[in-house]
């Protein structure tokens, strides 16, 4: 005997109240945790992490709207009927089991629903799991992956302020280019041959992808290009701020990311055999990016060698956009975004199918499918966090122009206050200047006064001194009186309160 559907009419009110209370409590706890996290970032002046957190909040809001639309459109979409011949194309399984009931409207016409109600509910789970895995993948890659590397770079940055480092890199010392550690590392027999350089750079990314001599040389080239030589600029903190800003870009799910996710869902049809090639796309792209980044360092070394065979102090590389693909360093950020999203999609899809249909469902009937998806997902996550991302963080700073995060947050706030004060002072000056004609018109009655003898003329000369360290409440007005008859002038300053 089929069990009848229990609605709210036959459900105890206390049960409804308890469920609603638990849901609201969980929502309030999550909102409070996000608020505390934003408060901590604001206190520590992590502006770009606050922006990344705002993007995560907007994603949650967007997912809520998608869930609402799927719930509201469950019946209308289920009533959209298509022929059975079309409904049996591009199926994810070769022999699917259709246990979900069709809509009565479609069943009467001998057709099938475009998407059943059960399919709508399962789709909601997939979208939420995909967003969760994407955010988690970005946090693990940028957070845990760079934590160890940043501590190492911080110690290297502190070493640049020691007397030993300054003595070994004294600009009064001259060396041949092959005597430097950077040249010995990158100028080999394969460096000048493209077909040999690419395999060597491919292998180099797996061991000591960012060495100390690479960090010191690229740091010196960046500071020489954008600051004065010998500056105490903290290059490690600049890279850290850049990564925080890039994290805000990668953690977001833009329109093109949603389009790609729909494409990946379509490619999960049985006839494409996607488990044999789709999980390898993130790995291949990640290895290609790492090879390109290593190649950029070698090419910068070759270019410096062509210009001079003698090094003064430290090996000097010159940052330029032409080392990057299409002269666009930011392209690598979008590729990293795609890699992380595609990898998180593979893991999210596997988790969703395991939870909804079981471990040995029609999605994963073959053992090699399960092994390939899990192995590629974990491998890409580890390589991206510990190999490619540190290399990306360092090399992408070697573009022609520096990024806006070059200034610390306190300096940015000071510049904004200075700009606001300058605009306010200029506006006050313009107000005094525009008030001059009205004052000149009021001098008519004064000119006819017999107490002045001859008819004098008044010239209003507005002077305003912009001082950013003092309040602009006290302004001074200089008035010059000229007597045409006696050719006598007197200057008088009156304070305008």
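Counting starts with 1 at the first residue shown.
Glycine is no exception: its Cβ is also placed from the backbone N, Cα and C atoms.
Per TrEMBL, the feature transmembrane segment maps to 14-38 (among others). Panel annotation: around the transmembrane segment (14-38), residues 8, 50, 53, 56-57 of the same chain, lying at least six beyond its termini, place a Cβ under 8 Å from a Cβ of the stretch.
Remote same-chain residues near the transmembrane segment (123-144) are listed as 56, 59, 63, 66-67, 70-71, 115, 243, 246-247, 250-251, 253, 261, 265, 340-341, 343-345, 347-349, 351-352, 355-356, 381, 384-385, 389 (criterion: CB distance under 8 Å, separation of at least six residues from the stretch ends). Per TrEMBL, transmembrane segment is recorded for 123-144 (among others).
Annotated transmembrane segment per TrEMBL: 247-266 (among others), in sequence order. Here the transmembrane segment (247-266) has Cβ contacts under 8 Å with residues 48-49, 51-52, 55-56, 58-59, 62, 90, 126, 130-131, 134-135, 138-139, 142, 278, 333, 336-338, 340-342, 345, 349 of the same chain, all six or more residues outside its ends.
Sequence annotations record features per position, and here TrEMBL assigns transmembrane segment to 272-290 (among others).
Sequence annotations record features per position, and here TrEMBL assigns transmembrane segment to 331-355 (among others). Here the transmembrane segment (331-355) has Cβ contacts under 8 Å with residues 125-126, 129-130, 132-134, 136-138, 141, 246, 249-250, 253, 257, 260-261, 264, 268, 278-279, 281-282, 285-286, 289, 292-293, 324-325, 361, 363-364, 370, 373-374, 376-377, 380-381, 384, 388-389, 392, 396 of the same chain, all six or more residues outside its ends.
Here TrEMBL flags 370-395 (among others) as transmembrane segment.
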